[in-house]
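K.L.:
Here it is: the structure, laid out below.
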Ligand SMILES: *[C@@H]1O[C@H](CO)[C@@H](O)[C@H](O)[C@H]1NC(C)=O
Ligand SMILES: *[C@@H]1O[C@H](CO)[C@@H](O)[C@H](O)[C@H]1NC(C)=O
């Protein structure tokens, strides 16, 4: 999601309106259209019924073309899809789209939607140094290919150096596509493939302005270079951003290969391009797909990306996606399909301090990546932006909102939110200010995100911000001084859940807990584009090879790279097995036993914030047992959602009829976590029975040596009785499967109540731990 994490109420409203429109415009053969007026053309993704091609056609392309021509003489196919859908995308008017739905063999005509991009010490923080010896004995990591759907790459980065790598895996079928500022010599044994997908984008916005962005895999934004080098960049000694976070920069899987699929452009990413990227990635032979992008939630059979990732999962590809930057509000998740690994964000133990001292002598600790000329060493006049602006949103330091005569020579306090944080520093600078304090409100709490501001500036948490403002409003001549402290390591507590990290519960499928886990996503150093400076602002002419940015966009590729490590160590594991290993071995407490905190509140976080916990790759290499899941399990899941055969065909591109004799249940999907929503009303039957009982079934697969596991349950709350049957599971062989049942008996609780517990299988050596999240609705 956006690299500059911002709340954008107006933008959200806009997206919401677009989504409402999009939902209205989804025509499947079950929907009729209310709107009859002429609309301009837009892009639709058309799913055809593979198994019911009229016999009058010899080939599918001919069939597609004929169906299309029957509603529009002029329409041309943008893409034809092979794996993610059986079908194509094209531009149509509303009427044409409606007509097309009525043609024989058309399953659905879905309007495309726009997605947004949701950033070296990480390996040490994760304990990856310890895995070196473990991994040498396996050594298949270099066979693993991580596909990244993003803004492309900057191939000249040292992070793509391939000198220590062997030949490209023979299974690789991808290509290095040529385009503006990019040709086949930009790929090598590290960057093994690079493609771009611009047809949907150009159909919507017109031809790409090649003076602004390259119509090629080249990254003009920075986001894609950052995510791909985080996942699998080579080690680069002496990396830093202006000396901040200096050290060796390396991806999670330094020997894995990278293939970039550029589907995101300066104006966003369109689903017709995204799924074209997924389609090619499947064909090319990637093993892991990293997608730090997201849109709004919609039913899986209307969500083209959910369908595309289902196809990827079928091909054994693990798809890792960002959970979104909608936190700390509840129920803000993106990418919740159970065949996707959904990653939230936590902090590292690293900080970039900026000390702000007020005229009253009080000092506050903030953060900053400012690296320019230092401000005068004397206290400077301090003003609050709202007091030196005529604009109603002047407190946010929006463009042109400050009155230069009232700002000149002063430090300005700007509230966080609205426009990008670094843009605020530019607005202050242009108005003649010589410093900025970025003030958190309650939305951001104590979360500090460091930025490479364009003038001396520091970010403060909510408490300090309130005190600084109180001082400005009361002192006759308020002043402040900003001093910068470089890079600080060993900051505790860490990790804490980032305020921006999107939170559960999962509103689309409440019985599946999301996010799945968290990984580092705050102030992450990784590779950057040569096209724009670290702030991404056009006035920022600085050039850097590494940048420090934040978001669930940055935590997602950590998990993608770690999945590549696991895939290299255990090539036979399914995507579900890899995810299970990452989840059941993740941790939820600090060394002192305290639960990981939520920086937004300062209180202990819950599984709705961190899922199974914070990733621990060393433990994940040897999980003991995994909760595996196959395509059949996901088909049963779709049956449990009461999807019709028609809807299942849309998601899974196959004829599948749910067996009427089977009682399919979402709670039986073999997931490594438990989300248990209780209906407040259903617990009270006839006024007498005040408890409600639900059962969840799970199956464990042994991926270790023969062993006997015993179950234990830690409940932090007396609200629910948890019973597991059987209590002991003995595994004699590798890949042996054993099932168990958990029974949850709850008292009726007021709506809105939540409670949490953990269930753990242990043989004394391994701990296979699952979070349980109860909620009463
Ligand atoms: C690729 O581009 C570079 C730089 O423009 C050029 O030197 C090189 O010859 C090109 N290689 C190919 C294979 O076209
Ligand atoms: C500055 O703004 C604050 C908050 O909007 C307000 O309470 C205060 O009175 C203002 N001070 C001046 C001098 O206008």
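One is the number of the first residue shown, and numbering goes on along the chain from there.
From the backbone N, Cα and C atoms, a Cβ is placed for every residue, glycine too.
As annotated in TrEMBL:
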ACT_SITE  150  active site, charge relay system
ACT_SITE  223  active site, charge relay system
ACT_SITE  553  active site, charge relay system
COMPBIAS  212-224  compositional bias 'Basic and acidic residues'
DOMAIN    43-118  domain 'Inhibitor I9'
REGION    208-230  region 'Disordered'
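Structural setting of the listed features?
P.N.:
Around the Cβ of residue 150 (active site, charge relay system), the number of neighbouring Cβ atoms within 10 Å comes to 28.
In the three-state DSSP reading, residue 223 (active site, charge relay system) counts as helix. Using a 10 Å radius centred on the Cβ of residue 223 (active site, charge relay system) and all shown protein chains, the other Cβ atoms total 28.
DSSP assigns residue 553 (active site, charge relay system) to a helix.
Helix, strand and coil content of the domain 'Inhibitor I9' (43-118), in residues and according to DSSP, is 21 helix, 27 strand, 28 coil.
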K.L.:
Which residues of the chain, 6 or more past the ends of the region 'Disordered' (208-230), have a CB below 8 A from one of its CBs?
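P.N.:
3, 117, 119, 122, 146, 148, 150-155, 157, 159-160, 176-182, 186, 194-196, 198, 201-202, 249, 251-252, 258, 260, 262, 264-266, 290, 292, 524, 526-529, 531-532, 534, 536, 547, 549, 553-554, 556-558, 561.
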K.L.:
Please work out the number of neighbouring Cβ atoms within 10 Å of the Cβ of residue 553 (active site, charge relay system), leaving out its own Cβ.
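P.N.:
Here the count is 35.
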K.L.:
Express the distance between the Cα positions of residue 553 (active site, charge relay system) and residue 223 (active site, charge relay system) as a whole number of Å.
P.N.:
8
K.L.:
To the nearest whole angstrom, what is the C-alpha distance linking residue 150 (active site, charge relay system) and residue 223 (active site, charge relay system)?
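P.N.:
Taking the Cα atoms only, residue 150 (active site, charge relay system) lies 7 Å from residue 223 (active site, charge relay system).
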K.L.:
Check residue 150 (active site, charge relay system) against DSSP and tell me helix, strand or coil, would you?
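P.N.:
Once the DSSP labels are grouped into three classes, residue 150 (active site, charge relay system) ends up as strand.
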K.L.:
For the domain 'Inhibitor I9' (43-118), report the average pLDDT of the model, please.
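P.N.:
When the pLDDT values over the domain 'Inhibitor I9' (43-118) are averaged, the result is 92.
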